[in-house]
Amino acid sequence: MELTNITGLKGEVTVPGDKSISHRSIMFGSIAKGTTEVHNFLQGADCLATIDCFRRLGIEIENKETSILIHGKGLHGLSAPANLLDVGNSGTTTRLISGILAGQPFDSKLSGDESLNSRPMKRIMDPLRQMGANISSILRNDCAPLFITPARLHGIHYDSPVASAQVKSCILLAGLYADGETSVTEPSLSRNHTELMLQEFGADLRLIHALDGSTKATALIRPCDELYGQKITVPGDISSAAYFIAAGLLVPDSEILIRNIGINPTRAGILNVCEEMGADISLLNQRKEGGEPVADILVRTSRLHGITIKGEIIPTLIDEIPIIAVMAALAEGTTFIRDAEELKVKESDRIETVTDNLKAMGCDAIPTADGMVIRGGRPLHGAAIHTLLDHRIAMAFSIAALTAEGHTKILDSHCVDVSFPGFYDTFENLL
Ligand SMILES: O=C(O)C1=C[C@@H](OP(=O)(O)O)[C@@H](O)[C@H](O)C1
Ligand SMILES: C=C(OP(=O)(O)O)C(=O)O
């Protein structure tokens, strides 16, 4: 994709459904009794990989024009897959499905693309093994491909060293198949869609919040007889909205209304960051849909200034750091991003891909062990952007390109389909 600078983005957009919620709707619908109906499902490659996996596990899933129908067979209704489960580029699919597969009476193998097969899986293998699971890394490198064989699971308490919704969800899902209670404490609260949605499906799940004012939290689950099919409307993905928020703030003379976005506080850290950077941003029409808070987001071109982003807010904006870094590059002053070492184990090492590409565009960006330092305010110039097939890098630098002098080439820009098919077409509504 070749892009150049523009002005005056004006109008309304909607973005596709939330990726995290879409994945979970398929997974929980498949192990629930009865039909689950999902509206505004994200038809991105990652969520389609989840559908494919559950079809291979014997679940009929109808992907209709306006909805998805999952004909769930109950907690014990999955059947042995004939072949390897292909998880594509999706860490969420891999880590969550492993929790479910650990409790099944059949063998399964799962594998993904080159990026996925280099991401760490020890973080789920350790707690699953403590629960009694038989899960191994086929190449003995603590990565996928993974091999899972039947085992009796027992409940554990797991003090997670990392605030990761994928780790937490994996353990809670295995807990559905364990004897006794399973609980997970995380150092600070990561996205809580699993907890909210499992409760809606009828799971016996409780939450205990820390008394010290921190977001440290514990989720506890007990096995139940069955989960029950639900009707789910997926809110627009704030992680996808983030690119239009940034476009509206950074492209001169812009005003964009982004409709119908999930603003669950465990996901909405970018809104706080925007405010702190001095953005003209407002939430309109705030409401609740299917247990999740939703709003329309109005942004207007703003002069931004650098800030420090660290600590408990990091898990609430982890996927937005590439686009926040672009905002920082165009803000006055210095932005420090700390406590974000998790960026190293995403679809690419995002500390490296973000700072390398920012430098290529003329920004003073320095990688650090747990984040980056961005000295903003210099104009950006066009460059060839190496996405390393990481969808978030492609989208973040497409927005940078709209503000940069000259032409920018986004290499392998088709990778946006992982989480946002139609990303480039959405701009047509704003020109
Ligand atoms: O649970 C989820 O749906 C996700 C959790 C996050 O990963 P971690 O759990 O590894 O932080 C996030 O980066 C990913 O895009 C989606
Ligand atoms: C990290 C991401 O996803 P996953 O871990 O599911 O591959 C992402 O979408 O930015």
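Positions of Cβ are set from backbone N, Cα and C atoms, glycine also.
TrEMBL entries are annotated by machine, without manual review.
Summary of the site annotation: TrEMBL records phosphoenolpyruvate binding at K19, G91, R119, Q166, R350. Screening the candidates R206, R303, R392 against this entry identifies R392 as the one listed for that site. Checking the binding-site residues R24, G91, D319, R392 against ligand 2, the ones with a C-beta less than 6 Å from an atom of that molecule are G91, D319, R392. All protein chains considered, the CB of S20 (3-phosphoshikimate binding site) has 29 other CB atoms within 10 Å. Among the binding-site residues R24, R119, R350, R392, not one has its Cβ under 6 Å from an atom of ligand 1. The Cβ of R350 (phosphoenolpyruvate binding site) has 26 neighbouring Cβ atoms from other residues within 10 Å, across all protein chains displayed. In this structure, the CA atom of S164 (3-phosphoshikimate binding site) is 11 Å away from the CA atom of G91 (phosphoenolpyruvate binding site).
Taking only the Cα positions, the spacing between R392 (phosphoenolpyruvate binding site) and K346 (3-phosphoshikimate binding site) is 10 angstrom.
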